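Swiss-Prot annotations:
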SITE      ASN10  site 'Discriminates between blocked and unblocked aminoacyl-tRNA'
BINDING   TYR15, PHE66, ASN68, ASN114  tRNA binding site
ACT_SITE  HIS20  active site, proton acceptor
SITE      ASP93  site 'Stabilizes the basic form of H active site to accept a proton'
Amino acid sequence: MTKLLVGLGNPGDKYFETKHNVGFMLIDQLAKKQNVTFTHDKIFQADLASFFLNGEKIYLVKPTTFMNESGKAVHALLTYYGLDIDDLLIIYDDLDMEVGKIRLRAKGSAGGHNGIKSIIQHIGTQVFNRVKIGIGRPKNGMSVVHHVLSKFDRDDYIGILQSVDKVDDSVNYYLQEKNFEKTMQRYNG
């Protein structure tokens, strides 16, 4: 069995640790814990790392297509490795949730998130496992684009680091249990 864990974000130093890149932050955390490094794959348009856990190959993926085209990389990897939608887990930011809150879902619409919209368009379904990390709504009349592409303030950054640890725990639990429904019940409470 193989699992594809995809963190959504934008490539490049300009976007490092911005709100829209919390998916990348989590995937980086998982790679660090597994002591694996990323290599860039031009064909898949993604940075990839992999490791084995309980006899299962786990791919960590950071699409380099920029957020709005993330579905290209996800679809290419699913197709190449012959994976089912059940083998996919997407990790991304959600501005409709409080900063640091997490929510696991097995299906749903894009909810205005262009990366998720691209994935739904490319894989042809809204039914796939996902972990959403809250980044909060813009404050003081700030545009949504400026908000998601800005860095966290100090207090929010501390909350995000705590949520990254909780998401890391939930992903590891999911990989051990091989049951997303059970993982949702445990971590959505």
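From the backbone N, Cα and C atoms, a Cβ is placed for every residue, glycine too.
Here the features listed in Swiss-Prot are placed on the structure.
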residue	record	DSSP class
ASN10	site 'Discriminates between blocked and unblocked aminoacyl-tRNA'	coil
TYR15	tRNA binding site	helix
HIS20	active site, proton acceptor	helix
PHE66	tRNA binding site	coil
ASP93	site 'Stabilizes the basic form of H active site to accept a proton'	strand
ASN114	tRNA binding site	helix
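The Cβ of ASP93 (site 'Stabilizes the basic form of H active site to accept a proton') has 26 other Cβ atoms within 10 Å, all protein chains considered.
Among the recorded positions listed (PHE66, ASN68, ASP93, ASN114), ASP93 has its Cα nearest to the Cα of HIS20 (active site, proton acceptor). Listed in sequence order, GLY9, ASN21, LEU149 are the same-chain residues at least 6 apart in sequence whose CB falls under 8 Å from the CB of TYR15 (tRNA binding site). With a cut-off of 8 Å between CB atoms and residues at least 6 apart in sequence, the same chain places ASN114, GLY115, LYS117, SER118 near ASN68 (tRNA binding site), listed in sequence order. In sequence order, ASN10, HIS20, THR65, MET67, GLU69, SER70, GLY115 are the residues of the same chain, not among TYR15, PHE66, ASN68, ASN114, whose CB sits within 8 A of the CB centroid for the tRNA site. In this structure, the CA atom of PHE66 (tRNA binding site) is 5 Å away from the CA atom of ASN10 (site 'Discriminates between blocked and unblocked aminoacyl-tRNA'). On a Cα basis, ASP93 (site 'Stabilizes the basic form of H active site to accept a proton') lies 12 Å away from ASN10 (site 'Discriminates between blocked and unblocked aminoacyl-tRNA'). Overall, the recorded tRNA-binding residues TYR15, PHE66, ASN68, ASN114 cover a maximum inter-Cα distance of 16 Å. For PHE66 (tRNA binding site), the count of additional Cβ atoms within 10 Å of its Cβ stands at 16 [all protein chains shown]. ASN114 (tRNA binding site): 17 other CB atoms within 10 A of its CB, across all protein chains.
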